[in-house]
Amino acid sequence: MKVLAIFALCIIGALATPCDDFKIMQEAWNTMKNEEVEILYTVFKAYPDIQAKFPQFVGKDLETIKGTAEFAVHATRIVSFMTEVISLLGNPDNLPAIMSLLSKLGKDHKGRGITVKQFDEFHEAFHNFLHTHSVWNDNVDAAWHCNEKEIRKVINANLE
């Protein structure tokens, strides 16, 4: 138990220190966070194995489900979670909340059989969407890369 507490403190410290361009990341996110359906569609299109992990979408034609309320609701859940985490970044007082959210996400997905590889695939498709649907430059890329790296450490630690 002590090891987990020390590990959590190390992750909190990592989230607190290396990335100081939270505003740049948040501004880029704000330009495209309302494209929930397109974000999830892009992920499923790039990685059908991820779609297969969603029981309500297994075996269904992506083009058909894209326009459904069920797809929109689930896409909104995912993007709302991301929005919550991104909005909390940049304030050290929020680190326990961020850790709790990300740890729970990893644990919940581990219980559903999601692997680190699939989270990496999701990240890759999501990142490609960001590049093409938001204001993107070297500063934005650096901010996203640094913050995502730290966020994924927490999620991955709870998936393994």
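Note: Cβ is positioned from N, Cα and C throughout, glycine not excepted.
Sequence annotations record features per position, and here Swiss-Prot assigns heme b binding site to His74, His109. The domain 'Globin' feature in Swiss-Prot is assigned to 17-160. The feature signal peptide is assigned by Swiss-Prot to 1-16.
Neighbours of His109 (heme b binding site), defined as other CB atoms within 10 A of its CB across all chains, total 19.
Within the model, the domain 'Globin' (17-160) shows a mean pLDDT value of 92, rounded to a whole number.
The Cβ of His74 (heme b binding site) lies under 8 Å from the Cβ of Leu40, Phe54, Gln56, Phe57, each of these being in the same chain and 6 or more residues away along the sequence. Secondary structure of the domain 'Globin' (17-160) per DSSP (helix as H, G, I; strand as E, B; remaining residues coil): 111 helix, 0 strand, 33 coil.
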